[in-house]
Amino acid sequence: MAKYLTQRFVYMVITLFLIASLTFFLMKIIPGTPFSNASKLSEAQLSIMIDKYGLDEPVPVQYANYLLNLLKGDLGVSFQFNNVGVTDIIVNSLGPSATLGALAILFGTFFGIILGVISALKQNTWVDYSSTFIAVLGKSIPSFVFAGLLQYYVGVKLGWFPVAFWRGPEYMVLPTIALAMFPLATASRFVRTEMIEVMESDYITLAKAKGASWFEIAFKHALRNALIPVVTVLGPLVVSLMTGSLVIEKIFGIPGIGEQFVKSITINDYPVIMGTTLLFAALFVVVILIVDLLYGVIDPRIRLAGGKK
Amino acid sequence: MSQEKIAKEMFLPAEVDATKSEEISKPSLNYWQDAWLRVKKNKGAIVSMVILVLLTIMALVGPLLTNYGIDQQNIKHNNLPPRIPVLEKVSWLPFDGELTRKNGDVYNAYEMKNVDNYYWLGTDSLGRDIFTRLWKGTQVSLYIAFLAAAIDMVIGVLYGAISGFVGGRTDNFMQRITEILVGIPNLIVVILMIIVMDPGILSITIALTITGWVGMARVIRAQVLKLKNQEYVLAARTLGLSNGKIISKHLVPNLAGVIIINTMFTIPNAIFFEAFLSFIGLGLQPPLASLGTLIDDGFKVLQLYPYQMIIPAIVISLIMICFNMVADGLRDALDPKMRD
Amino acid sequence: MKKSKYFLLLSLMLVISSFLAACGGGDDAGKDKEGADNTAAVQELKMLESTAIPSMDSVMAQDTVSFTTLNNVNEGLYRLDPNQEVVEGVADGEPTISEDGTVYTFKLKDAKWSNGEPVTANDFVYAWQRAIDPENASPYGPYMMDGKIKGAAEITAAAAEKKEYDLSTLGVKAVDDKTLEVTLERPIPYFKSLMAFPTFYPQNQKFVEEQGENFGLKAENVLYNGPFVLSEWDGSTDEEWVYAKNTEYWDADTVKLEKLTWNVLKESQAAANAFETGEVDITGKLSSDVVPQYEGDERLLNWLEPTIFWLKMNQKNNPALKNVNIRKAIAQAINKQDFVDGVLANGSIVANYAVPNEFVKNDETGEDFRSINGNELLPYNVDEAKKSWEAGLAELGTDSVEVRYLGDDTESAKKAAEYVKNQLETNLPGIKVTVESVPFSVRLDRENAQDYDLQMAGWGPDYLDPMTFSDLWLTGGGNNKMDYSNEKYDQLVKDAQTTLAQSPVERYEALAEAEKILLEEDAAIAPLYQRSSNLLVSEKVENFTYHLVGPEYSFKWTSVK
C-alpha cells in the first residue's frame, strides 16, 4: 500500500507539472490583452505596462521564472486587482465555494441515493416514474432558472430565506438546494441503474432466501455494489462543485471562486487563470486518488495495482 | 390442507424423442431482437420514443409552418404573449394574448398594440415569432447534443475499455492523460477552440467533445475493471476466447446500460454547456437560436413575460424526460442478465 | 475496514443533521434581525455594487467601483456636488490662474488624514509623481496627465524608449505646505473639474512608504481624508464593505449618513429581488430587462448618462468602409427610435450626435453644448440610406458588401447585434453582416489591432468637457483606432485646444463644427443611442447623488428620512 501511494504521489506531481506547463503555454497563445483599459492607453503607456509585468521577456525566460516562483509557492500577482497575490484571491474565495459545494454534494448524494434505491426496488411503478421525473427535472432545468425561481418564489414571495449574500447558515439554504439538484439527479440515476443490476445477482437471491429484511438487502448488500459508478461520477463532480458554480454564485451574490475564475478568463488575468487552474488540477488529482482508494473499500473484488505485488 | 388422491391412471410414460430434445420452443432471437421485444413491453419508453420522434419532426418542419422567418423582426410587435385562433376563445388556456402586470392587472397585449396577427407562441423582445425560433432552436440543440454525445461515446468507450481491460502500466498511463485533460478547465480549451476556429455550431461541438469524453471513459473503465474479474469472463478466457471477442461478446453487452445512461446525460450537458457559453458571450452567433439561448433570453424577462422562458423550458424538459425514459427502457432491455 | 465505513456514514448523517439544525436556527436569526432593523439607528443604508473594489490605491485605480469608493473616503482639490457642479474639496476657494491660463495655484484647507496628519501640498506632488512614474505603470495616470500636466508626456515617452527620466520635471510643485502650484502644457478650461478625478487625489508619502507592498490592500492599509472611512473591507476579494462617517473630515457637519454597507450582487433581477425584500435600500445599475417591471414606480431613479453607443466603422481593412457613401448608408439605415423604445425600453434616447446631450453647458451662456448642432446629424432615413448605398456600390463597382460586426460587452449586446444585423440586411440590399462574439479581452485586443469592420462601442467621459469626445477622432488619436482622418477636423479640435482655449463660445462652436464634419460630411461613426441609467432607491433615502463623470456616486449629502 505504501509503495502504491508513493507511486501515485510521484504521478500526481508529474501530472501537476504537465498541467502547469500546458496552461502556461496556453496563456501564451490565447489572444487578448490583460489590460482592461487598453483602449485608453497610448502605445508608450502600453509598452511601459508590458515591461512592468514582464510580458516582453522571451517566453522561455518567462516560463523559467514561472516555474521557479511556483516552487517557492508564489503564484504571482493579479492584473485586475492592484498588488493582490493570487494565493490571497484563491484562499479568500475558495471558502464560500467549498462550503456551498460540500453542502450541495452531501445533500444531493444523500437524497439522490435514497431516491435511486427506492426507484430501483419499485422498478416500473409510479414511484419509479415519479422519482425519475424528479431526477430528470433536476437535470433538465438549467441551474440559473432553478436558482432564479427559488429566489423569487421562496425568497421574495414566501420570504422563508434571505434572497442573497453569504452571511450565515440561513443564507446557505437556497443556493445549496439550487446546486444540489444536479448531484441529486446524477446519483439517483446511477444508483437506480446499478441497483437493478445488483438485485438480480445470486447473492441477493441468497440473502432473500435466507430471509434478510428488505432494508438489509437494499442497504447492506445491494447498495454497496451499486455505488461504484456513482463514486466514479461524483468524484470529478465534487471538484467542480467545490470549486464553485459561476451561475449560483452570481445569482445569490456569493463571493466564490467560480465567478472569480470565469472573470479572470474573460479579461485575461493570466496569473489568476494559471493559479486557479493549478488549484483545480491539484484538487482533481487528489479526488481521483481518493476515488481509486474508495473502489477497494466499497468493492473488495477490485484490487489496486500495487496490491498484487 | 386437503390433498387429492393421485391415481395411477393419471400417469403416462413420457415419450423420449432424441430429435426433439434439442428443439427450441421459443422463437430464435438474436440479442437485439430480444432487446426490442423487451423495450416494447415498457410503455413509458415507447411513449417517450414517439414524443422524441415527434419533437424531431417538429424541429425539422416547425420553422416552415409559420409565415415568419427565424430572424424576421418587427419591433412594433415585440413581447406579445401567445395567441392561437379558436383556442383564444377558451378562457382557461393561456392562448388568449393576455398578460398580467406586476400589480395584478390583466390586459390584452394584442389590443393594446393594435396587432391583428396571430403569434401562436408569442414574440420576443425583438418581435420575432417564438414558434419559429423554438423549433429552429430545438433543431440546433438536438444537432449539437447528438453530435457531441456520439463523439463522446465513441472516444470514451474505446478509451475506457482499453484502459480498464489492458490494465497495468497502460491503464496507469492512460489515466494520467485523462487527469491532465480534465485538470485543465474546459472553459480555457473552449475559448481557445472558438478563437482558433470560426465561432459557430461546429466549433462549439468540437470544443464540447475535447474534454467531454473523459467522463464516459472513466465510468467505462470502472465498469470494465469490475467485469473483467467476473467468473464468466474468466471462463471465456479459459476457453481460449480472444481479447477482442471477450470485449465484444461479453463486456460490451454488459456495458450497454452504463453507456446509454451516460450518453443520455451527455445530451443535457451538451445543451447546457452551449447555453452557458452563450451566457458568457461565446455561444452561437446571433441571430441563430438554441433552446439554451432561448431559455437564457427568456429568463431575463421572466417576471414580465413568463411565456418567453416557460415555452422553451417545457420543450427542453420534455426532451430530457423522454431521453431518460427511453434510456431506462433500453438499459433494462439491453442487460443480458434480464432475459426471460 | 468495516469501522471506517460506518464512520463515513455516521459523519455524513452528522453533517446533514447539523446542516438541517443550522437551517432551523437560521430562521430565528433572520427574525431577530428583522426586528432589530425596525428600531435600528436611522442614518444607515445598504447598497449594491456589481463588483468588489479592485484597488484602493488612487494612483492605480482604473474602474468605476474603485473611483466611487475613493470619492467617498478620500478627497482631491475639488469634488462634484448633487448638481454636478464643481465644489471645494481640500482646496480653499478658487485657484489663482496665470494670465496665459497655464499656471494654477491652489491654497489648501486644514484638512486631516485619518492618522491625524495634515493634508499638505506635498501629498499631492507625491501622489501625482507616483501616478506618472513608469515604475508603477499606473493604468490611468499617464492617460489623465499626458498632454495636460507639463512634462507628463515626456516622462512616459522617455520610459517607453528606456531612457532616463526625472519625475521632478512633472509640472506640480509644493510652494509651501499649504500652497500647490500646477503648470499645464496648455490652457485647459475644464481643469478644475479634472481635479475631482481620483487619479489626482493626494497620498500621504510617509504612510504609503511605510505600508510598502501592503498599501491599499485592506481597510487598515489606507489613509482617509474624505467624508467617510472604510470601516470594514478585507481586500479586493471581499464582497461586503462598510463606510463609516469620518469625524475628522473638515466638513463633517454636512455628512449625515453614519454607515453605508455595500454588497456585491451582479444579477439585476437578483438585485431587484433583494430590494423588494428590504435587504438593500439602493440597488446598483439595473439591466434594461428588469427596468420595464418598474415602469411608473416612484422608486425607480432614471437619468441620462453622458455615454453614447455608436458603430465604429474601421477604414483600415474593408475597402467598402473607406467609401463615404457606404458609411452614410450604414449610419442612416438603422431605426434607432424603435431600438431605444422597443428593445432597450429603459429611458435611453436616440443619439444623432457625437457629443452627448445634457452633458456640458457653456460657462458663459449657460446653454447646453447640444443646442448648437441639435439632434439631427445623420438621422435614420431609409430613403437617404438606400440612395447613398446605391451610389456607394456604383463607386465600388460591386453589388454586394460583406462586413464583420464586433459586439460590445453590455447586457444588451446580443440584442443590439441581432437588431443591427437585421436592420442593415433589411434596408441595404446586398449587405451581409457576420456577427462575431468574443470575450472582453479579445475584443480589446481586436480594437487595438484594428481587426474589425464594424464595432459597437460605447464611450463615457472622464471629465466635464466636450473635448473628452472630440479628441477621440483626431488623426492617430489614442481611441481613433479606425483610421479616420480629416485635416479640417484635426484643425478645429487643435484650435479648440490651443488658440480658442480661453474663449468658451468660439471654442464650443469650433467643436460643434468638427462634430458636423465627423458625422454629416464623413459619416465616420454611426451613433445609435445615449444610455440611460436606472436604479431602485428606497423612499427613505434623501439626496442620493450620482455623477456623470468619474466616480458614480457621492454620499456626502445623502441622509435617511
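Counting starts with 1 at the first residue shown.
Placement of Cβ uses the backbone N, Cα and C atoms for every residue, glycine included.
TrEMBL labels come from automatic prediction, so no person has curated them.
Copied over from TrEMBL:
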TRANSMEM  A:9-30  transmembrane segment
DOMAIN    A:94-295  domain 'ABC transmembrane type-1'
TRANSMEM  A:100-121  transmembrane segment
TRANSMEM  A:133-153  transmembrane segment
TRANSMEM  A:173-191  transmembrane segment
TRANSMEM  A:226-252  transmembrane segment
TRANSMEM  A:272-298  transmembrane segment
Taking the transmembrane segment (A:133-153) as the first stretch and the transmembrane segment (A:272-298) as the second, find out whether 3 or more Cβ pairs fall under 8 Å, excluding pairs closer than 6 in sequence. no
Counting Cβ pairs under 8 Å to the transmembrane segment (A:100-121), which of A:9-30, A:173-191, A:226-252, A:272-298 comes out on top? A:173-191
May I ask for the residues of the chain that lie six or more residues beyond the transmembrane segment (A:173-191) and have a Cβ under 8 Å from a Cβ within it? 100-101, 103-105, 107-109, 111-113, 115-117, 119-120, 131, 134-139, 141, 143, 146-147, 150-151, 154-155, 161-163, 223, 226-227, 229-230, 233-234, 237, 241, 245, 248-249, 251-252, 254
Please give the sequence-distant neighbours of the transmembrane segment (A:226-252): residues at least 6 beyond its ends with Cβ less than 8 Å from one of its Cβ atoms. 93-94, 96-98, 100-102, 104-105, 109, 113, 116, 120, 142-144, 147-148, 151, 163-166, 171, 174-175, 178-179, 182-183, 186-187, 190-191, 193-195, 197-198, 258-262, 279-280, 283-284, 287-288, 290-291, 294-295, 298-299, 302
Are there residues at least 6 beyond the ends of the transmembrane segment (A:9-30) whose Cβ is under 8 Å from a Cβ of it, and what are they? 59, 62-63, 66-67, 70, 268, 270, 273-274, 277-278, 281-282, 285-286, 289
